[in-house]
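Novice: After the structure tokens below, expect a handful of questions from me.
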Amino acid sequence: MEHKVQEILEQQVLTVAKAVEEKIDDEIAALEKLDLDDIEVLRERRLQQMKKMAEKRSRWINLGHGDYTEIFSEKDFFSIVKASDRVVCHFYRENWPCKVVDKHLSILAKQHIETRFIKIQAEKSPFLAEKLKIVILPTIALIKNAKVDDYVVGFDELGGTDDFTTEELEERLAKAQVIFFEGESSMKPSKAPTRNVRHGSNSNGSDSD
């Protein structure tokens, strides 16, 4: 019986290997059929893609992307979310949990130039905090196309403690599609459920307004 199972497994491996080999052969055959004109078209297409990406990067940098910056007025907040398609905004107060968030967002801002990263002091922005229903600090508002699409409230979703990694926060932001793992690549993870901050519970490493 064991010998028979081994034979079946070996046959399945061979079948998969043959399918992969045939796919590679087909791709090689397609490449071999390309003439110089086809290659030039592909080259020109790639150059145009690179040019568009360079233009995007330049525009993002001009808008303040690439840095984690503090804003001091609610008016600036509305200007920023209108100008950038994707914004990560940390509502903070001067305490340890918020400084932990600052550390991670400073790193991610440099890694994800496709997104604007900002922070604003919640207690000095009462209208904005009330409008967005900011109850727990820290709260990270995830904004797409000028609308708050999701929230990361306290550290509940990050293990409930302040020793979460930058990568864990990065994955959470990527699930909300407010950042992409490869800039403007086609990798767009499924959206995480929207969290209503009204129902957020106080967690380790967060405090209530």
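Each residue, glycine too, has its Cβ placed from N, Cα and C.
Nobody curates TrEMBL annotations by hand; they come from automatic prediction.
Sequence annotations record features per position, and here TrEMBL assigns compositional bias 'Polar residues' to 199-209. The feature domain 'Thioredoxin' is assigned by TrEMBL to 71-155. Annotation source TrEMBL lists region 'Disordered' at 184-209.
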Novice: May I have the DSSP-based helix, strand and coil counts for the residues of the domain 'Thioredoxin' (71-155)?
Specialist: 35 helix, 28 strand, 22 coil
Novice: Which value does the mean pLDDT take for the domain 'Thioredoxin' (71-155) in this predicted structure?
Specialist: 96
